[in-house]
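In what follows, a single structure is set out as structure tokens and then discussed.
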């Protein structure tokens with residue numbers, strides 16, 4: 001085994017304690033009781049597979065490694081000299097908030113393995129946590145380090161979105177405060193809305209100007225709208241709220257009722273808000289290329305039981321499992337990314353919570369509302385025009401629209417539209433899994 005000789009770079013610097021080396025300067029100053037910083041001479045070396053290079057002195061003022069990087073990911077990979085990577089694409093940067101949470105714990109390893117962006121797409125993961133979750137975030141980074149994913153070229157962790165979101169091309173915003181006992185929906189809108197307003201500003205300041213944003217933290221539709229309103233330099237079409245888990249649940253229920261495998265179910269739309277006002281659309285859905293209503297000839301089941309099963313699935317899962325749906329949510333995030341980077345099959349579509357301006361359905365503008373989309377696989381999408389509406393569908397689409405308009409009024413102070421007025425509809429419409 002070759003051993004590299006380490007020679008000093010003769011660049012003296014102040015080194016903070018290693019367990020705090022990824023914190024922003026502001027947060028370092030705010031923490032009390034820190035071990036005293038020490039002054040050392042920097043040692044540097046460069047490693048590449050099957051090759052040990054002679055250490056080279058770093059010129060004065062040069063930065064050898066980013067202070068936010070983690071462990072083995074701090075070393076420079078020489079992609080030009082790695083035979084297996086010559087056909088790889090240019091590395092993309094993915095930022096994830098709530099990265100120490102259970103959803104992210106399932107998602108990050110899917111991203112790192114290549115099943116999301118492809119077997120020739122190297123990625124950098126930038127993980128955002130909080131002061132409270134920072135040690136857990138270090139643990140996540142350690143597990144990624146130990147997993148030896150060849151496509152995972154960089155991992156960095158931090159608690160400042162203005163640092164973590166830098167150059168991000170995808171932002172998966174999962175972090176949000178859960179709804180606690182006695183908390184009203186208006187309270188949750190305000191608390192999480194402030195988080196997403198700040199993250200929107202951070203994206204605007206430091207992310208790629210064409211960053212694609214998927215909001216998962218609830219209430220995700222209005223959180224996505226708030227996030228959209230705060231970065232004026234990012235196209236509104238780039239913001240999505242997660243609907244895919246609801247779509248997957250709807251496909252599952254239709255497949256079970258029809259006695260077929262779920263891959264036979266297509267053209268499923270979830271209209272509206274991610275709440276109990278959501279509208280699983282069986283009018284346009286198909287099974288084996290045939291309209292659902294011609295396969296499942298049970299109108300009452302479709303209008304009542306099917307819709308309730310989809311809406312309440314998360315609550316039933318909690319009763320059985322004792323926890324919310326983290327793994328299936330992570331899968332649904334992957335499923336939400338896939339149709340944006342893969343051309344939509346002819347005749348099919350996928351739902352996503354997107355900006356309503358210019359929509360062909362008559363839905364109020366300036367909302368994030370789940371609607372049917374098609375994509376050419378370039379990260380962009382267009383709304384589907386050839387959909388059928390009946391009175392049942394229109395009435396329920398309108399109800400969900402009114403709820404989102406009320407949520408928008410309740411968060412006007414976070415979107416720059418004036419004083420908030422909370423006149424949310426009576427009754428609790430939050431999905432059971434959000435509580």
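The count begins at 1 with the first shown residue.
Cβ coordinates come from backbone N, Cα and C, glycine included.
Since we're looking at a predicted model, the values are computed, not measured.
The active site, proton acceptor annotation in Swiss-Prot covers 274. The NADP(+) binding site annotation in Swiss-Prot covers 98, 99, 100, 101, 102, 103, 104, 192, 216, 217, 218. Positions annotated as substrate binding site by Swiss-Prot, on the basis of sequence analysis: 179, 185, 218, 249. The feature NAD(+) binding site is assigned by Swiss-Prot to 199. As annotated by Swiss-Prot, disulfide bond applies to 69-74, 410-422, with the evidence given as similarity to another entry. Feature annotation from Swiss-Prot assigns site 'Activation of NADP-MDH' to 69, 74; the stated evidence is similarity to another entry. Annotation comment: Swiss-Prot describes 1-45 as transit peptide.
One residue stands out among the recorded positions 179, 249, 274 for having the most other Cβ atoms within 10 Å of its Cβ: 274. Ranking the recorded positions 100, 104, 274 by Cα distance from residue 422 (disulfide bond) puts 274 first. Residue 199 (NAD(+) binding site) is surrounded by 29 other CB atoms, counting those within 10 A of its CB over all protein chains shown.
Note: the CA-CA distance between residue 185 (substrate binding site) and residue 410 (disulfide bond) rounds to 10 Å. Here the candidates are the binding-site residues 100, 199, 249, and by Cα distance the one nearest residue 410 (disulfide bond) turns out to be 199. Each of the recorded positions 100, 216, 410 was scored by other CB atoms within 10 A of its CB, and the lowest score goes to 410. For residue 218 (NADP(+) binding site), other Cβ atoms within 10 Å of its Cβ number 25. All protein chains included, residue 185 (substrate binding site) registers 23 other Cβ atoms within 10 Å of its own Cβ. Taken over all pairs of the listed substrate-binding residues (179, 185, 218, 249), the Cα spread reaches a maximum of 24 Å, rounded to the nearest whole number.
Secondary structure at residue 100 (NADP(+) binding site), as computed by DSSP, is coil. Secondary structure at residue 74 (disulfide bond), as computed by DSSP, is helix. Residue 104 (NADP(+) binding site) is surrounded by 28 other CB atoms, counting those within 10 A of its CB over all protein chains shown.
Note: the CA-CA distance between residue 179 (substrate binding site) and residue 102 (NADP(+) binding site) rounds to 16 Å. For residue 249 (substrate binding site), the nearest neighbour among the recorded positions 98, 199, 274, judged by Cα separation, is 274.
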